[in-house]
Amino acid sequence: MNFFQAIILGIVQALTEYLPVSSSAHIRIFGDLMLGSDPGAAFTAIIQIGTELAVILYFRHDIINILTHWFSCLFGKNGKDWKARMGRGDNYATLGWNIIVGSIPIIILGFTLQNVIETSLRNLWITVTVLLVFGILLWMVDAKARQNKTMNDMTYRDAFLFGLGQSMALIPGVSRSGGTITVGRALGYTREAAVRLSFLMAIPAVFGSGLLEAIKAVKNYKTDAMFPGWGPTLVAMVISFVLGYIVIIGFLKFVSNFSYKAFAIYRIGLAVVVALLLIVGVLPAIDPSVVAAA
């Protein structure tokens, strides 16, 4: 991978990370088209740190409030009043606990299915299937769901279901935001609430995954045939951070005025295009380097 290709992949990451269209699927597809090979799970996870840093910058006031209220309730002057220590009556502290609960599914599944995620699940036929299925689901749910829940209405049950939706993004093509937004809309959250919860809930999971992959890359960079090198990877990460911040602003304005129908149609169209490219042999379903890594 050269630096120009890294810049392109950084742009692709920034444009697709927050939208319910699957950034990992786009990185996989563009990587094959430009490089002739899959950039790999490590590259994908590390450049996602860039887009997540953009989330932290944009939502910095919310994040500071969540952390300060959470610590204040848990370790403050609430004494033996465990309901108060768990955030009763404090929306920010409660949201902090909900983010923790919502992170549990992806942590468990991410660790237990790590080898499958990095190899078998990167088959493009799987990507095509989930792009199509979750595109249809997003379209149906968004069109029919009620819109009466805000971020302050989230329960532990809802948080866990959000987490299950997020964990589906371990399969390239599902989309982390697509999974959580679909669940949120199905549970009756407004479009704005669903997308904001999706952003905040992703922070622990994406940072955790990115840091673990970075540590692995440091240890194995000489023997990992799929890792493109630190120079291109860091360039892509910086590009994804800068452009990602702009995309967040535009996406939040979009969902305040429009439905997710356009994204659902895009997913279905992309699934058809990738399927055709697979059939005619332009794209390989499984990259040879992934097979070797397995």
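Each Cβ is built from the backbone N, Cα and C atoms, and glycine gets one as well.
Keep in mind it's a predicted model, so treat the numbers as computed, not measured.
Per Swiss-Prot, the features are as follows:
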- 39-59: transmembrane segment (TRANSMEM)
- 93-113: transmembrane segment (TRANSMEM)
- 123-143: transmembrane segment (TRANSMEM)
- 198-218: transmembrane segment (TRANSMEM)
- 232-252: transmembrane segment (TRANSMEM)
- 268-288: transmembrane segment (TRANSMEM)
Query: Among 39-59, 123-143, 198-218, 232-252, 268-288, which stretch has the highest count of C-beta pairs below 8 Å with the transmembrane segment (93-113)?
result: 198-218
Field: CB contact flag for the transmembrane segment (123-143) and the transmembrane segment (268-288), at least three pairs under 8 A
entry: yes
Message: What residues elsewhere in the chain lie close to the transmembrane segment (268-288), defined as a C-beta under 8 angstroms and at least 6 residues from its ends?
response: 21, 25, 29, 32-33, 37-38, 122-125, 127-129, 131-132, 135-136
